[in-house]
Amino acid sequence: PAPRCYLNKQLLNLRVLKGEPAELSCTVSKEDVTGTWFKDGLKLTSMDGVSFEKKGLVHKLVISKVEEIHAGKYRFQGGDVKTEASIFVEDPPRVDKVLLQNLTSVPTVAKAGQSVKIKIPFEGRQPIRASWLKDRLELADDTRMRLDKTDSFTMLSIPSSQRRDCGDYKVRLRNDSGVLEINLKLLVVDKPQPPEGPIKVVESSASSITIQWKPPKDDGGKPLQRYMVERQQGGKNEWEALGETPRTCTTFTTSKVEADMSYYFRVRAVNAEGSSEPLESDEVKAVGKASPGAPDPPEIVSATKDSITIAWKAPGKAGTSQILGYVVQKRKKGTITWLPVNTAPVADKKMKVPNLKKGLQYEFRVAAVNAAGLGDASDPSQPAWAQDATKTPGQVQELRVSSRDSSSVTLTWRKPEVQDGNDVKGYEVEVKAPKSLSWTKCSALPIQGTTYTVKGLQANQSYSLRVRALGDSGLGEAAELEASTGDGPREVPPRLLVDGRVKSTLVVRAGNSIRVKIPFEASPDPVVTWLKDGLPLPKRATTDTKDGTTQLLVGAAEFSDSGTYTVELQNGLGKRETFSFQVQVTDIPQPPGALQLAEKVPGTVTVTWEPSASEKWEENLFYTVLKRESEKGLWHVVGDLIFTNQFTFTKVIPGRDYYFRVVAKNALGASGPAETLQPWSIRRPKAQFEVKAHSYRGVNQNQPPRILVPLKPHVVPTGSECHMSCAVGGYPLPKITWYKDNRDLSTDPAYFCTNDFGVCSLVVLGVSKQDEGEYMVEATNASGRAFSRAFLTIKGKW
């Protein structure tokens, strides 16, 4: 006998994108084998776009451009060889590349109040489910927003857009072949919000008023240009424009005021879209004639057992008229009651206070008087004893500058020589700024050491400094010197030090804190601003900036905290630096819903499940399918990285029980499983046997076909399966033929027909509008013909 032919390489299952080429090939052991190709059990002779090739031992079936009609089970058979494989056609959602580039790279910009329509046409296998998300939450129709969906496009419509519509949007298109996600940004620009109040009165006098406010919380999506200030006089209805300030200035001074008059002020913020609603002040009253300011504390000149002589200087602010004189008050140290020394003002700036009690300490203060009345009193003088004078401490020795920088000067000195037992109780250090006439104490309490640092000075300035020793009899003679501060820090443009220190994308588990520290360098100190999705941070987020580091902190992260965060540095030099990073708040996904099993294609099982609730906020979620073949067997992965809610398992052995489970996964881990509770199996084909019936003479057993149970009409949603069935009797067994609108369905691979002992079924997979119509089953044998009709209606959008 001739040697048998063997199969060296069998056919393999293929998953092919619609429109792509495909090729099935197998290898046999003999070149003279002539093979035959079958599809879904029918012999292939010719088919559009399909060709057959044979090169030596290799037999190929080549499809130039795969379409839906090419899906199915293929078989190669030749000689002693037979091998089978299936082609699954994948047709995921698709969007035009140019449109996709425009949507994702350029934000959609609209003015507040205008309508917004974002239409996205798509292609792919129906049904395609379209969903819109904003800030990771799925959108739904409401009074302000409408979502439209057809078989060819999805559209978001906002009849009247608002600032709150700004943000990052995601369009998710899903069918049983895959998922397409499109990220786009919507920016709605508007007039700015009113400046933030209240309006504060910084200074008010008889001749001018200075007001202050804060920038608006929302600039309308465009940079502020300026502020407009208006004024209304009390009792009048008209508002008068006073002037404008640049966007960086939030104070305004007007000299158009009259003493004792009441005014109201309002401020508007202006950007390219227009001016905001006004922020109005409460009543502001210009003061009348101003009384004098407070003089410096009086100084002790001399003391006796019953009197103390004091002297003082005129106040820096004389008020609105000439100073007429001064009023002096006294009190015993430790008391709170001030007693008048003179009833009528004295013009001299020196006074001997008589009638004091020997051995007590006294304090004194002075107030100036002008035409407006008595001015503010000075701070109290140093306490002085009512006793005969003793020598005050001498002058400190060797006063010098030991160090200095741009904002401070450090002084050192030696104690004065002790005279007649007059010990030094401490020291007083005073400073006088350039062009200033008065000395300012550097410390409220006496300084105990012989070194002191004067802080808070301006760079590159010359100051007068003096030091006096303090004894029981008062302050000694002052030692003075001139000192200059050093150069200020060099100007450094703002720069964020993020290289390798801050990730561009942060994944945070829900409930954990978001903490991002960003170091920077700048001089002078910059203004640090944090934004989320281009808007001010929500109240839940806090920031802290100090020592060259700015920090963002969100205590317990929620899904709404996901988005784009931006930190901006800007200094007085007009230079600016920004850095943005993404924060994605996620969590271990929730389990999928219930599982359903069905034999949609003979010899396979299709597992479908309800989506995990986490799909609403997790864009990188996928599924893993596992199976086992006994109730206590081990689970084995049969499908992974599945982004749809369906999986087809092809290696099904008839008669064997199967259990399936599905888990949802993301970067943080896997959910709990959803699994089948009952075993699933394909019935073994029954062995055929033949029963030889006894022949009887004279008896005719033939019966014409008859419909025992007729077809029923069906109404099925788009994308679902439709099962039609009826019961037929007759002898010999009738031949069953199915028709749709009088077209024979016997050779159409889109329909599966079965006849089990007179129960006839027709299965339509994934119904669409084209499947709607009248269906008829016809039963015929030698004795006659019978038929039944029913109508299939498809519901859904087309």
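Note that Cβ sites are derived from N, Cα and C of the backbone, with glycine treated the same way.
Remember, TrEMBL labels are computer predictions, not curated facts.
Averaged across the domain 'Ig-like' (3-74), the predicted model reaches a pLDDT of 87. Under the heading domain 'Ig-like', TrEMBL lists 3-74 (among others).
Annotation source TrEMBL lists domain 'Fibronectin type-III' at 194-290 (among others).
As annotated by TrEMBL, domain 'Fibronectin type-III' applies to 294-393 (among others).
Look at TrEMBL and you will find 395-489 (among others) tagged as domain 'Fibronectin type-III'.
In terms of DSSP secondary structure, the domain 'Ig-like' (494-586) contains 3 helix, 57 strand, 33 coil. Summarising the annotation, TrEMBL assigns domain 'Ig-like' to 494-586 (among others).
According to TrEMBL, the domain 'Fibronectin type-III' annotation covers 591-685 (among others).
For 705-793 (among others), the entry in TrEMBL reads domain 'Ig-like'.
Look at TrEMBL and you will find 275-300 tagged as region 'Disordered'.
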>> Which residues of the chain, 6 or more past the ends of the region 'Disordered' (275-300), have a CB below 8 A from one of its CBs?
In response: 191-199, 201, 204-206, 209, 211, 213, 216, 220, 228, 230, 234, 257-269, 308-321, 323, 326, 328, 364-382, 384, 438-439, 474-475
> If you run through the domain 'Fibronectin type-III' (591-685) with DSSP, how many residues end up as helix, strand and coil?
Replying inline: 4 helix, 41 strand, 50 coil
> In the region 'Disordered' (275-300), how many residues does DSSP put in helix, strand and coil?
Replying inline: 0 helix, 7 strand, 19 coil
